[in-house]
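Over in TrEMBL, the protein carries these features:
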REPEAT    3-44  repeat 'WD'
REPEAT    45-86  repeat 'WD'
REPEAT    87-128  repeat 'WD'
REPEAT    129-170  repeat 'WD'
REPEAT    171-212  repeat 'WD'
REPEAT    213-254  repeat 'WD'
REPEAT    255-286  repeat 'WD'
Amino acid sequence: MTLRGHKDWVNGVAISPNGQTLVSGSRDNSIKVWNLSTGELIRTIEGHREAVNAVVISPNGQTLVSGSRDSSIKVWNLNTGALIRTLTGHSGPVTSLAISQDGEILVSGSIDNTVRVWNLNTGQAVGTLTGHQDVVNSVAISSDRQTVASGSNDNTVKIWNLPQLKNTATLKDHDNWVSSVAISPDSQTLVSASYDKTVKIWNLSNLKRVRTLEGHYDLVYMVAISPDGQVLASGSQDGSIKIWRLQTGDLIRNLTGYSSWVRSLAISPDEQTIVGAGFDQTIKIWRTQPRNTEILTITYPETK
């Protein structure tokens, strides 16, 4: 099945906690909400003046948050598409977003080199984390709300104590830009992806590198961890999504079919569905059981 949707490439995707809804944010300035099972477009949400770079859904499934090249963060009612509030403070495009497991804290990363912390319920700014020397590409927050991780074009991953809003460590193992970070649901494991073509797995307690995953033959743009913490997905400019066993580093499967890099990833709560958006103007939806089956491709025309 092929659907017409966005008018430009998709920068971010997110799946609702009940696994029924897919949200995509695009360079065409819009957000689209889809039925994940059928691929039906439920609604289009507009309000950003420039590209939507990141989307995230709250743990209760009621709230959608988007970050944009227009430097703003918008909070929406996912069920109605109504705008709840706009958060301003970043002085450059917003690149990434993360919400705490209790739904109270929002963390954002930006081209302005900072990480900002917000109270999602009130929209109030909690603090600004400074220290990166270049663009912050990705942020993650631990489920215990103690730790924030950020990956940057300064080739580092920074670890922050969230309650104290302090930098506690800087990881410098990558040889190129750090494009994506993720923290496991049990708050024990950190994963980082880089333009150096590797994925690194860290023990978040002692910050020691557990292993390096090699297998992509081009830069790795995105990583996502399954809700049970067992599986890691990585998307690359080599046009593939690789699925790894998080605890062992074993490669489980390789999903191919993209003619360009995989820009964003999401894993459904039941871990049976993987969504990947590529720069080749497609969103591919895969069923991982009983076999690696591409069940739906959403395409959108290139900008003329």
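Cβ coordinates are placed from backbone N, Cα and C, and glycine is handled just like the others.
Same-chain residues lying 6 or more positions outside the repeat 'WD' (87-128) and placing a CB less than 8 Å from one of its CB atoms are 50-51, 53-60, 63, 65-75, 134-141, 143, 145, 148, 150, 152, 158, 160, 162, 165. Away from its own ends, the repeat 'WD' (3-44) comes close to residues 50-57, 59-61, 64, 66, 68, 76, 78, 81, 263-270, 273, 275-279, 281, 283, 285, 296, 298-303 of its chain (Cβ-Cβ under 8 Å, at least six residues beyond either end).
Within the chain, the repeat 'WD' (213-254) has long-range Cβ neighbours (under 8 A, six or more residues past its boundaries) at 176, 179-186, 189, 191-201, 260-267, 269, 271, 274, 276, 278, 280, 286, 288, 292. Mean pLDDT, taken over the repeat 'WD' (213-254), works out to 93 on the 0 to 100 scale.
Within the same chain, residues 137-144, 146-147, 149-153, 155-159, 218-225, 227-229, 232, 234, 236, 244, 246, 249 sit at least 6 positions outside the repeat 'WD' (171-212) and bring their C-beta atoms closer than 8 Å to a C-beta of that stretch.
Under DSSP, residues within the repeat 'WD' (255-286) fall into helix, strand and coil as 0 helix, 18 strand, 14 coil.
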